[in-house]
Amino acid sequence: MLLPDLHPYTILLSIFLVLVVKQLVATIGKSTIQEFVWLVYLKVSSNQSIKTYNSKQHELHETNRQKRAISAQDEYAKWTKLNRQADKLSAELQKLNQEIQQQKSSIDKASNALILVLTTLPIWIARVFYRKTHLFYIRQGIFPKYVEWVLALPFLPNGAVGLTIWMFAVNSVVSNFSFLVSFPFAKRVSKPVRDTKVE
């Protein structure tokens, strides 16, 4: 076997944690997580183009403030000089923005790959390598035979609970719990109004 022989409770807990993380990602949203990763990258990165972009943006703001403070009719030469400087800064900012957007795209791809590796890959590995592992047993006689048979699907003897049923149960519980927690914060739906017929 390629993977180590794990204790059933280790598999049980690790799959539970992976499914909880997967539900958290689904609830929060990949785009929100990617935006958070990008903001963290902006804070910790020593990338020169980001620093240049921030300084040029501040410089453009100052130039526009000075431009608004003077009258174009009274001080035409100074206003024109500031206007040219603002146009030049805007062009430089646009070029830097394209570079930064390319970096953001690569950061988004990396964070998307990390989310995929953390939430999907462990589930598929467990499904392939631990599908015949008995996670726990149910005492005989608690459920009817057909329920024991369903709980043992797809590869286990009656009375055993395997990975497939465990994942199904955990997914159901975690998604219902997530719904209960997020429901009060969901956007409120307005009460429908009946259309009145005009005759």
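Glycine is treated like the rest: Cβ placed from N, Cα and C.
With respect to the membrane, Tyr9 and Glu99 are annotated on opposite faces, judging by the topological domain names in Swiss-Prot.
According to Swiss-Prot, the feature coiled coil maps to residues 76-116, out of the candidate ranges 76-116, 158-198. Tertiary neighbourhood of the transmembrane segment (161-177): same-chain residues 11-12, 15-16, 19-20, 23, 123, 126-127, 130-138, 150-155, selected by CB-CB distance under 8 Å and a gap of 6+ residues from either end. Restricting the average to the topological domain 'Cytoplasmic' (178-199) gives a pLDDT of 83.
Sequence-remote contacts of a segment are chain residues at least 6 beyond its ends whose Cβ falls under 8 Å from one of its Cβ atoms, and for the transmembrane segment (116-136) they are 1-3, 6, 8-9, 11-12, 14-15, 18-19, 21-22, 25, 154-156, 160-164, 166-167. Within its own chain, the topological domain 'Lumenal' (137-160) is flanked in space by residues 131, which lie at least six positions past its ends and keep a Cβ under 8 Å from the stretch. With a cut-off of 8 Å between Cβ atoms, the residues of this chain six or more beyond the topological domain 'Cytoplasmic' (178-199) that come close are 23-24, 26-27.
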